[in-house]
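*Asks:* Just passing along the structure, written as structure tokens.
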């Protein structure tokens, strides 16, 4: 202090019992006569510059960036339907924890370090530290538990998917988040009045003593039994290291399960991989919280750098300064983690092309869970191209299929399509005309089915659940197709359909955006739609086969397992794809006639909805499904056959 202090000041008693301890001021007053004090002062000044950069500049930038980004992500979650409702709630709560923690970082040491360098403990800062420093620990605990809750639900979803729906019904996201908040509050905030106090202290000024407020710890903190029971054991169990180790182990186990999970032989490449996002979140969480865990063990358990009084030894002050560096680095990593979590999940807008996605999201499981968004404009373009020549295109597909496979030709037309070429005369001409009539009639059914699938894909009011119901309904009604078509035949149908749609495409399409769509994107979308629709149709066909084979047993052996249970076993063993919670079966189904498909509706979509297979569920009327009557309730079979005894074979 450059200004002189009045001599009569020392004759007055101080207005408080404690002096407002200032570490740098203390060593400045003793540095002239003490070499050790000068070394300590140099270390403290070096730390002050470090604190200005790390605690001040970097933390303020991270906090500002994180607060803005998390706010944007919360807004995007509630304005979009990319994530399922359960995962969206978890991510929203995680953003709340992150924003609260970043706000505490700004108030407790971010702005203060920009002004002071080394944080003081008196004045308004004492009140900020008293309230917001425990609240920051409260937010850190909440963040750890929130990530742990997401990891546990994700693990149970992939390890026991059929049991997760019941578990989700018992424990709602709101109850889980409320339990996390209550537990974190009890662990961090309840003990504050017993460990800290705000008391009066005095400072020397040129005009006399100045009374101020200082934050200090109570003697109970130094009690060994209290430290073990209140801090050591709860911190190990609920904060570090057990929760972090559990997150790491469950993440590794989840990746192992997903790497072994396969569904069929089709792989649909995902636009955004929810498993990848959550894994990256866990890895980043572990990396950013490891130093915090080490710092907690050193300071809370081992008491490293715990003494802050003026009677410190040289070793004590060196440990204290090192603990300041360690604490600042661990706090910066926590701020970095909270400020960047939203970057993993945020959907950045596409400025070129303005790509829009429909409500339909194709979901599947191959080596890992995948979600593929279908471009709304490409889906509309496919529907427009197909509808313009739907009967001609469908007839071409059936013609190629019948020429390549005589078995299918006999089932559809009653004779080999190639035989008419080798026979001449009136009989051959009549036979050829009859074959063409049958091809056209079957082409009408095929065209209507394809158009219905594409129309549902482009409709904003048609959810992915109802679209899957539609495909399964078609597969259930025409399950005999699987007896004639294998992988080669389906590939031929797909290639012929794609080629026919491209061949009948015109040069002009409504809207300028259609001209920007490349043919490669159109073909990729067509392959995705075809493969997924085929997979759902095969699921419905499997249910029909199970119902057909189990029906005689039920009639003759009423004590045996029902078709619904048998179908449940068959579907679970065949590892069909899981998706979000499904809507009830449309009115077109009759549950007594299709119990296996009803069982599929109850088990085929497990709780992976929240963690890998996200798709929106919308309430809507079922008027769209009434158009399915030509597939599910058609009885006029004589129109398509020479005699009522012939059974029509349709796709």
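Every residue, even glycine, has its Cβ placed from backbone N, Cα and C.
These numbers come from a predicted model, not from an experiment.
Pasting the relevant annotations from TrEMBL:
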type	residues	note
DOMAIN	69-345	domain 'G-protein coupled receptors family 1 profile'
TRANSMEM	52-75	transmembrane segment
TRANSMEM	96-118	transmembrane segment
TRANSMEM	124-150	transmembrane segment
TRANSMEM	171-194	transmembrane segment
TRANSMEM	236-255	transmembrane segment
TRANSMEM	276-294	transmembrane segment
*Asks:* Restricting to the same chain and to residues at least six past its boundaries, which positions have a Cβ under 8 Å from a Cβ of the transmembrane segment (52-75)?
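*Replies:* Residues 91-92, 95-96, 98-99, 102-103, 105-106, 109-111, 113-114, 117, 119, 328-329, 331-332, 335-336, 338-343, 345-346 contact the transmembrane segment (52-75) from elsewhere in the chain.
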*Asks:* Cβ under 8 Å, sequence separation of at least 6 from the ends of the transmembrane segment (96-118): give me the contacting residues as numbers and ranges.
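*Replies:* Contacts of the transmembrane segment (96-118) (Cβ under 8 Å, skipping residues fewer than 6 from its ends): 23-24, 44, 47-49, 51-52, 54-57, 59-60, 62-63, 66-67, 70-71, 74, 125, 128-129, 132-133, 135-136, 139-140, 142-143, 146, 331, 334-335, 338-339, 341-342.
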*Asks:* May I ask for the residues of the chain that lie six or more residues beyond the transmembrane segment (236-255) and have a Cβ under 8 Å from a Cβ within it?
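*Replies:* Those are 140-141, 144-145, 147-148, 151-152, 154-155, 158-159, 183, 187, 275, 279, 282-283, 285-286, 289-290, 292-293, 296-297, in sequence order.
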*Asks:* Restricting to the domain 'G-protein coupled receptors family 1 profile' (69-345), report the mean pLDDT as a whole number.
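*Replies:* A mean pLDDT of 82 is what the predicted model shows over the domain 'G-protein coupled receptors family 1 profile' (69-345).
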